[in-house]
Amino acid sequence: MKIGILSQFPQLYSTQRLVEACQSRGHEAVVINTLNCYMNINSIKPSIHYEGTELVGFDAIIPRIHASVTFYGCAVVRQFEMMGVYAANDSISIARSRDKLRALQLLSRKGIGMPVTGFANKPNDIPDLINMVGGAPLVIKLLEGTQGIGVVLAETKTAAESVIEAFLGLKANILVQEYIKESNGSDIRCFVVGDKVIASMKRQGPEGDFRSNLHLGGCGEVVKITAVERKMAIAAVKAMGLVVAGVDILRSNRGPLILEVNSAPGIEGIEQTTGISVTEPIVEYIEKMVAARKTNRPIIA
C-alpha cells in the first residue's frame, strides 16, 4: 500500500515511527506537510496537489493534524476522503474531538463519566457557574488551549471570578470544570487503536503543578488500568468516531472520569515509558480496513 502521513514535522519522533512501521510491513510511506497541500475541488475529479505535483495512488492516510491548523488540516483530510482514500481518523471525527465543548457534550450524551463542566457567555452568570461545578477550587480552560496551555487552577471563589471575568472580557471561550483533588496532579493516558487499548501510562505533573502533560515537564510511568477504565477509554474514542486516539482519564472518588480525547496523541512518551510499539497496530488496523473496503466485506474492528 501507499500510505500518506500528514504531518508538518517530518523529523518528529511520532512521524518517524509511523514511517518505520509502514515500511516494516512492506508499505510505501510518504510524509506530506499538510499546509503545503492545495486542492482542486470540482464535480468530476477532485484532486490534491503538493509542491506542484498531484498526489495520486494513495490507499490510506494517517492524519497527524496539529491543533493550530485544525481547520485547514480537516479540509485536506476531507479532500482525500472525497478521492476515496481511507483516513485512519476522518475529518469529522478530528473536528469533533478538537472542539472541547462538543466533545464533552458527546461524552455526556453517551453517559460517559467526566468532570462536571460549565460553559457561559455573560459575566453575570459567573457565581451560578462556579456553584454549578461544586465551587472553588476549580479549573478554568481556554477552549482553544492544548498540551496544558491555557489551563488555570483557581484556588478560591474570588480568584475564580477574577480569572473568568478576565477571560470573558477578552471574548475568550472558556470551560469551567470541577477540580478532582484526589487525582493529585496525575492522569492516565490510554493509547487506543480501533477497539483496543494498546498501551497506557500514568502521567504525573511536576511538583506544585496540577497539570500532568509531559510537554510541561510531567513524567510517565507504567500503569495497569482496570477493566472499567479500558471500557471507558474505548467508549470515549467511539463517541468521537475516531480510530486512533489518546484518552486522558482521571481517577476520582466516584470512579474514572474522561478528561480529554486526543486525535493526534503523542507517540514518543508512551512508547518510551511502556516499551510498547503503538505504531505497528495503527498500520495493521489500516491494512484490515483497506482490504475490507476493496472486497466490500463487513468491517469487524
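From the backbone N, Cα and C atoms, a Cβ is placed for every residue, glycine too.
Straight from Swiss-Prot, the features:
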DOMAIN    104-287  domain 'ATP-grasp'
BINDING   ASP248, GLU260  Mn(2+) 1 binding site
BINDING   ASP248, GLU260  Mg(2+) 1 binding site
BINDING   GLU260, ASN262  Mg(2+) 2 binding site
BINDING   GLU260, ASN262  Mn(2+) 2 binding site
Arithmetic mean of per-residue pLDDT over the domain 'ATP-grasp' (104-287): 91
Task: Between ASN262 (Mg(2+) 2 binding site) and ASP248 (Mn(2+) 1 binding site), find the distance joining the two CA atoms and give it rounded to the nearest Å.
output: 8
Field: Cβ neighbour count within 10 Å of ASP248 (Mn(2+) 1 binding site)
entry: 20
Task: Work out the three-state DSSP category of ASN262 (Mg(2+) 2 binding site).
output: strand
